[in-house]
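Q: Just dropping this structure here.
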Amino acid sequence: MQTVYLVEALRSPIGCFGGSLKDVGAVPLATAVVKEVWQRSGLSAECIDEVVLGNVLKSGLKGNPARQAAIHSGIPVSVPAITIDKQCASGLRAITLAYHQILAGDSNVVIAGGTESMSNVPHLVMNARWGQKLGDLRTVDALFHDGLHCAIEDYHMGITAENLVERYQISREEQDVFAFESQQKAIKAKEQGKFEKEIIPVAIKSKHGSTLFTEDENIKNTNLEKLLTLKPAFKENGTVTAGNASSLNDGAAAVIVASEQAVREYNLKPLAKIRSVASAAVSPSIMGIGPVPATQKALTRANLTIQDIELAELNEAFAAQVLAVNKELGLPEEIINVNGGAIALGHPIGCSGARIVVTLVHELRRQKKQIGLASLCVGGGQGVSIIIEAV
């Protein structure tokens, strides 16, 4: 089986809900990252075989955001593009699809990633198309209807985290300590400039001109005492709060996935190679545990054990969810989300799967380590994992 490489790995800064990126939108965010990733690689745009982007909240974006971003970024109209939705793992699934395309011999170079602008998700007017004869028209928030609400269990994703709390006997204090440490790690990483190589500036236009947005703005210098006082967000007498869960955010991320042939032919400089990928499924009621079977599959396919993992990026949908996952996986705490995770940095859902791969690639190289794991849980009860090796 041929080796498949990650050649470039970049992301936008992550914006707060209603923050600096609220007027940019998912397609312009994707356009900026897609354009930068192929230009930095030194590739001619004509060498790109396809663009694959994840996006979850598509209401109001018009058709196929990946195609829009590809053309707006200067990629020729002859290059196809597809937008995929696998909820929070959409960005990572885009990368794994690119990997499989190359293994199958269908492509040599694919741009893959994800984008989301949660600030721009509209409210929907339900039952309006054929007329409302009597009574009020009801609006529905597409953020919840199409993203944060489990369509199968018919409750908020936060309840699935509470289900894991009960199953794995996770305390409120454990969750709040985890969330606090995520914020502290992110603050330190930002201060030390650890994100500088992975972040591209995004131009924000206003009536006063254009400014560059260059840093993640979701990171908060909170304190543990304050976290411990927050009220449960999803369940009376529950333990999952706004402080120990991820937030609503805007961002985009992308990588170039390339074959051995492309690396040689175009003189590309790979950052890492993909050792294995895997998807798995679990009960929707405990969707947060999905990374466990996905990671076990990926380890088996790579002929590795959990002890071989040197760094891990586990998407922090909820502190309880990551804690539950690691009760099963048994990773050393000191190698998990070393620069903070989604609780601190933010969780633009269609982007996050690609974002954690971007961060993992750069951190492996920074620390001169080799084997890394990135994994996410998926609404509806799934998990997606990838194992990479720095080169």
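Using N, Cα and C of the backbone, Cβ positions are placed for all residues, glycine too.
Unlike curated entries, TrEMBL annotations are predicted automatically.
So TrEMBL has the following annotated:
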DOMAIN    4-261  domain 'Thiolase N-terminal'
ACT_SITE  CYS88  active site, acyl-thioester intermediate
DOMAIN    268-389  domain 'Thiolase C-terminal'
ACT_SITE  HIS347  active site, proton acceptor
ACT_SITE  CYS377  active site, proton acceptor
Q: Give the mean pLDDT for the domain 'Thiolase C-terminal' (268-389) on the 0 to 100 scale.
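A: Per the prediction, mean pLDDT sits at 99 for the domain 'Thiolase C-terminal' (268-389).
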Q: Write down the Cα-Cα distance for CYS377 (active site, proton acceptor) and HIS347 (active site, proton acceptor), rounded and given in Å.
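A: Roughly 12 Å, rounded to the nearest whole number.
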Q: How does the domain 'Thiolase C-terminal' (268-389) divide up by DSSP, counting helix, then strand, then coil residues?
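A: Its residues divide into 57 helix, 32 strand, 33 coil.
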Q: Around CYS88 (active site, acyl-thioester intermediate), which residues of its chain at least 6 apart sit with Cβ under 8 Å of its Cβ?
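A: Correct list: VAL56, ASN315, ALA317, HIS347, ILE349, SER352, GLY353, LEU376, CYS377, VAL378, GLY379.
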Q: For CYS88 (active site, acyl-thioester intermediate), just give me the three-state DSSP call.
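A: Note: CYS88 (active site, acyl-thioester intermediate) is in a strand by DSSP.
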